[in-house]
Structures are given as C-alpha cells and as structure tokens.
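Asks: According to TrEMBL, the protein carries these features:
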- B:6-29: transmembrane segment (TRANSMEM)
- B:36-57: transmembrane segment (TRANSMEM)
- B:63-85: transmembrane segment (TRANSMEM)
- B:97-117: transmembrane segment (TRANSMEM)
- B:137-161: transmembrane segment (TRANSMEM)
- B:190-215: transmembrane segment (TRANSMEM)
- B:227-250: transmembrane segment (TRANSMEM)
- B:262-283: transmembrane segment (TRANSMEM)
Amino acid sequence: MTEAAELDRPQPGASPAPAPLLSVKNIEVVYDDVILVLRGLSLDVPQGAIVALLGANGAGKSTTLKAISGLLKTEDGEVTRGEIVFDGERIDGVDPDKIVRRGIFQVMEGRRIVSDMTSLENLRLGAFTRSDRNVAADIDMVYNYFPRLKERTGLAGYLSGGEQQMLAIGRALMARPKMILMDEPSMGLSPLLVKEVFSIIKQINRDLGVTILLVEQNARAALSVASHGYIMEQGKVVLDGTADELRDNEDVKEFYLGGAGDQRKSFKNLKSFKRRKRWL
Amino acid sequence: MNTHLLIQLLVNGLVVGTLYGVVAMSFVLIYKATQVVNFAQGELLLIGAWVCWALLAKYQVPFYVGMPLTLVFMFAFGIAIQIVVLRPMIGEPIISVIMVTIALSTVFQATLKWIFGVNPQPFPQIFTSQSVSIGGLQIQTVYVMSLVVSIAMMIGMAWFFKVSKYGLAMRATAFDQQVAQSLGISVKSVFAMAWAISATVSAVAGVVVAVVNGVSSGLSAYGIKVFPAAILGGLDSIGGAVLGGIIIGLLENIAQYIDSEYLHWGNLYEIAPFYVLIIILMIKPYGLFGTKDIERI
Ligand SMILES: Nc1ncnc2c1ncn2[C@@H]1O[C@H](COP(=O)(O)OP(=O)(O)OP(=O)(O)O)[C@@H](O)[C@H]1O
Ligand SMILES: [Mg+2]
C-alpha cells in the first residue's frame, strides 16, 4: 500500500459518507486526437451499488465505460482532462489488462464472446487474471446462475443472443471483479429474457457484492434494478438522482420511459429537455 | 513395381512430413497470434541447430544438458526478436513487417556464416545404434527419434492451446485483440510468447534435422517448405499446418518414386507439392482447414 493511497482514504469519523468505489471527475475524452466526445463528465458509483447510466444513441455511454476500463486506448481514444479514481487510486491512462487486475471488468456492447471457442473455454478465459484454486468452483457458480449454458457444449458462436449475453456476464463473474461495467445487456433480447437477465444482475449484485455500473437504452429495466441513475446527453451528465426520483421525473418519463414509436416528438422534446436541465 | 523402395519412401515422407508439420505449426503460431508472416522461420531452425552444435561439439556439453540450454536460449531469443525488432513495428502496414522478417532472415544467415563458417558440420553422435527394426523394416534410429519428437511437439502444442490458460489467451488474442484486453490479457506479452514458443519449437526441429543431416545453411530450406504446408492446411489452422506438412512430405516422396521408377525427369519431387498446392487452392481457397467464419455474432 502506497502512502498516497493511505492519505486518500477518508479518516474514520472525519467524513460522514464513505468515498465511492468509483469516482469519475470531470473527464474529457478525445478520439483520434480530434473528436471530442465526453465534455466534462462526472459520476460516482458507491461500493456495492447498481448505478444506471442512461442516454440516447451517441450520447457517449459506451465511451464513458471504455474510459473507465482503459479500453479507450485500443480505439485511439484518450482521457485528456479530469481523473478517474477507483478504490482510492487513479486509473486513467492505465493499460486495460492492468485495470482488469485491479478489479474492474467490462462486459462490452454486443457481448463480444469468443465465438470460435466453447462456452466453457470462454468462462475459463474470464478467469485469466486469477491464479487461485477456486476457478472450477466458480464455473459451477456461473452454471448455477445460468443453467442453460451448461447444456450448450458446442461453439459459443452458435449460442442464441440471450445465451451469449448470459455467457458474457458469466465470463465477467469468472474474473471475480469488484466492479462490472455492463454495456446494454438488454440489447436484442425479448422482453421476457430482459426480465430474466436483469433479475440475475440484481442477484449477482446482492449475493456477491459486486458493484455494477449499468449502461442501458431500456431505462425502465435499468431503473428497476438500480439504486441511482445518471442521464447523459452529448458527452455530459444532464440529470441524476435516485432510481425513484428519476422514475417519477416527468421528463424522464416522457423521453425514456414513455411509449416507443414517436421519434420526432421525442427528438424535439429532447432539445427543450436539455435546455432546462442543470449541468453537473 | 518396387515395393521396397515405395515403402522406404513413404516412411521417409512421413518422417520428413511430420517435421515439416512441426515447422509449419510454429510458423502458423506466429501468424495466428500476431498476423505476421515470418520469412525467417527457417533461420530459427538454423540458429537452434548451430547453438546446439556449438554446445555439444565445441564446448563438449552432454546432449541432455545442451538441448535444454538450447531451448532456453531460443525461448529468450524469440522474446528478444519480438521486443527489439517487431514491437516497434506494431501499427505499421503489414507489408513493412513482412519486409522486416525478410531482412531478419538475411541478417541471420549472414551472421551465422560469419560465426560458424560456410562449411557444413557433422552433428556429434547421439545414438549408439544406427538403426532399429520395426515390423521387419530397418529404420534409422534418427528417423524414429525424429518422428517421436515431432509427435511429442504436436501433442504439446495441442495441450497448450486446448488446456493451458496461456494457450486460450493466445487464441482469444488471435480472435479479437480488444476482447483479449478486456479479459485482462496483455497483447504485448502474447506476441512475445508466440515468438518465444515458435522459436523454441523450430529449434527442436532444427536440431532433429541436424542430427540426421548435419548442420549447414541449407537447413533453413525447411523454412521455405512451411509455405506450401501452411497454405495447404489453411494459414490460420495449427492442425491444418501439421496435416499440410505431412501431405507435402508424402507427396515429395511419392513424386520421387514415380519419377525414379517411370518418368526419369529428375526433379519432380521438388515441384510436385507446389502443383498439388495450386490445385487444392483452386478448390478450397482458404486451404483445407482455413477459417470459415461463424456468421452469427
Ligand atoms: N472509436 C471511435 N472513434 C471515433 N469516434 C467514436 C469512437 N467511438 C465512438 N465514437 C463517437 O463518440 C460518440 C459517442 O459514442 P458512444 O459509442 O460512446 O455512444 P453511446 O452512448 O454508447 O451510443 P449507443 O447507445 O448507440 O451505444 C459517437 O458520436 C461516436 O460516433
Ligand atoms: Mg454504446
């Protein structure tokens, strides 16, 4: 343990609220040295919580997760301002494989399982950074959460979309991370399956104490499991609050929870919504 | 029909073919993990052979010490090539990287001639008996050793990729580097490991050839044979490379038989594999076992 990390810790009794496990402070992210995508984004994720990050297409949700996990580097992106603090240490600029070793695991958008390997091999890969002897036990644990993965012994590329999502979450569990960043787990799933996956996300959080930052288009599903949510637009957080507050917020109701279909109306409203909101 | 000659040549083909298979396997390993076509593969055999020869013949080290030392050296050498020569090339056009491996092959050839001279050297005697009898067939001991060693390397490689977590990590990296990094795998380490293992495996093949034929710069010709073998098997399939190697070895010897018995053209065995290669690629452009992408993502 370094001295600096020691100093960063809140002294007992000194501060009422414990420091969040993850704290993103006013970051700016640029791709290819010119494309500015995040413009001063801040968010906190408390230890043991599920926090939802919502927003329209292209708002920068995935970019935020990649900034935290370090995968930004693999896409020629860079955090050019602000800082990201995890477990008392700065992690912006750290290589993605080292960030996994510190306990953050990202389940990327579109599952990204290794399709020319079996499910079991994918799960074993999730445990790549571990050297303890409980890997086999954890494979059983994942099969407990997702029994149908055990039945599918063929190549993972032939699994259904839902099964692939389960495999992607299971693979994340195999790393025994402190925190999982989930990017749109509901993508392409039937409503019934969305329900199932989200109830398992909740279970995982409760049983294993894994902190989860959840990016979603499906705001209703996300707010049903999250304790807290952030809404972002064009690279910034425009609104945040507890899940209940957000659910009851008229604007959120209209744009994120309302009936689907009327694209034009919601687009127009999106603009006024933006103007009215405070900037964090 | 000269059955005795045919059998002799088939055995020969199998032995040489498995050796081609081993070299092709180590070539495909680099290609699969790093997308680099290594034109210096044959020189890795040659370096391994010379290093082992030097330890045994010059420094009088016993074989059971000299061989492991050679392997350790080649492992480190493979890592060094990757870090010093190829790592700075990451992100450069693939053709530049290929030019670099061609340059490497020339530099290695020249350096080895400078250090060890241009004359072929016989390898120190390792086996006491010249030949063994298997099923009534007299087979040279070195051939049996070659076959056993080759098969052992193949089993080792299969174990590495199927069972060990580093093998899985290498496959994941070959599949998608971003995914690999999201799993905590360091792509740089995987690249270095691919070169290290490839150099080590090639060195074993190099020593085997040296034990049979002696050490000379001609030994690196095995590096040329990996092309028909690996392309035949499908550039990105380790198992395909092994099979491709065996097929090329057998074809050469069958061509040799047909040539010496019937045609008397004189060099059919050298070109026959390439004709077959062309025909197979016309039928299966990705080789026998090349990736057929899974469509559903
Ligand atoms: N690798 C990249 N290089 C350049 N620009 C990028 C890159 N990745 C994303 N962007 C841009 O950054 C913006 C935000 O993208 P991001 O993927 O973070 O959005 P998102 O909120 O996750 O959207 P979605 O809901 O559609 O997944 C987009 O305008 C996108 O074009
Ligand atoms: Mg996204």
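Including glycine, each Cβ sits where the backbone N, Cα and C put it.
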Asks: How about the transmembrane segment (B:6-29) and the transmembrane segment (B:227-250): do they have 3 or more C-beta pairs under 8 A, pairs 6 or more apart in sequence?
Replies: yes
Asks: For the transmembrane segment (B:36-57) against the transmembrane segment (B:97-117), do we get 3 or more Cβ-Cβ pairs below 8 Å once near-sequence pairs (under 6 apart) are dropped?
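Replies: Yes, these stretches are in contact.
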Asks: At a threshold of under 8 Å on Cβ distances, which of B:63-85, B:97-117, B:137-161, B:227-250, B:262-283 pairs most often with the transmembrane segment (B:190-215)?
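Replies: Top-ranked stretch among B:63-85, B:97-117, B:137-161, B:227-250, B:262-283: B:63-85.
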